[in-house]
Amino acid sequence: MEAMDVKYKPLVFPNGAIKKAAKPAAVAPAVGGGGGGETVYRECLKNHAASLGGHALDGCGEFMPSPAANPADPTSLRCAACGCHRNFHRRLPEGSPPPPPPPALLPAPPMPPHRGEETPEVRLPGVDGDESDSDSDGSEYDDERSVSPPPPPLAAAVAHQVYYPSAPHMLLSLGSSGQAQRLPPQVMSPAAAAAPPPGGGGGGMPRKRFRTKFTAEQKQRMQELSERLGWRLQKRDEAIVDEWCRDIGVGKGVFKVWMHNNKHNYLGGHSARRSASSSSAAAAAAPPFNPPTSPPPPPPPPPHATDFNINGTATAATAAAAATIAAGNHQENGASSPQSA
């Protein structure tokens, strides 16, 4: 058996680990759709319900050139699957950059050990392999020091939240229910959401209108001026009005509004005349009121019963009349008795 001369190549360990050769990512060849391999046409975006006011897609996912397509005739570039022209399909350039990767969330900070708990320690093997007393001293110091809670990771999570708008073909397939549904939602930062609305705390409260207060003297002076002007402002009276307004202490516009509002109260307009006529008519229709000068005589007292007979209750006059009649009859009987004798 022949001896073989074998040479071993020494291995090199940079930084204590073997570096693996990075393999380049395989690039898939782009599929050309009648454009000479330069561009790729994806899903069909033609709206088949545009005449009805809606939005409907045919579902074609990629442009496939028909056998009768001629690059020299642009009108013949139609899809063999859906029959639509190539311009209705979404154009995707070959050298378009890949979409950005999703943001990586930061790992949560490790929780510090509580007092009285033992944590596993990862120790690297030393030269000697023995342990010194300094490790135990350090562990006692770790147990005795105060434990502070970790900071909340809310700020880091909010800072890494990035909004990626949807692709145009996805926005077109949402339907024609409204423009508000096609627009991407706005992302508001926590600071902007917590900030109060501009304009103070009033918000939508309407502003209260300022009302001018007049004193009794100002009202009297304005009434005198209005009566002098005939409750009308004319151009020839501007100098007088300006002078009186300076003396009274009110503006010309304020005096004009006051005169217009109180014209019917002091002048007696149509409403005042109507109320006066109605009150006079009511007074004329009412009968005159004459209070009695002397009280009426009292009614006679009711009769009182003085005797009782078989016929009922008799008054004193009736009893007297009956007694008189009885006496007369007795005298007649006495006078007739001697004659008969």
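Each residue, glycine too, has its Cβ placed from N, Cα and C.
Swiss-Prot lists 41-92 with the feature zinc finger.
Swiss-Prot lists 95-113 (among others) with the feature compositional bias 'Pro residues'.
What Swiss-Prot lists as compositional bias 'Acidic residues' is 128-143.
Here Swiss-Prot flags 207-270 as DNA-binding region. Mapped onto DSSP helix, strand and coil, the DNA-binding region (207-270) counts 44 helix, 0 strand, 20 coil.
Sequence annotations record features per position, and here Swiss-Prot assigns site 'Required for DNA-binding' to MET259. Cβ neighbour count for MET259 (site 'Required for DNA-binding') (all protein chains, 10 Å cutoff from its Cβ): 20.
Swiss-Prot lists 274-287 with the feature compositional bias 'Low complexity'.
Positions annotated as compositional bias 'Pro residues' by Swiss-Prot: 288-304 (among others).
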For the zinc finger (41-92), the number of residues DSSP places in helix, strand and coil: 6 helix, 14 strand, 32 coil
Mean predicted confidence [pLDDT] for the DNA-binding region (207-270): 86
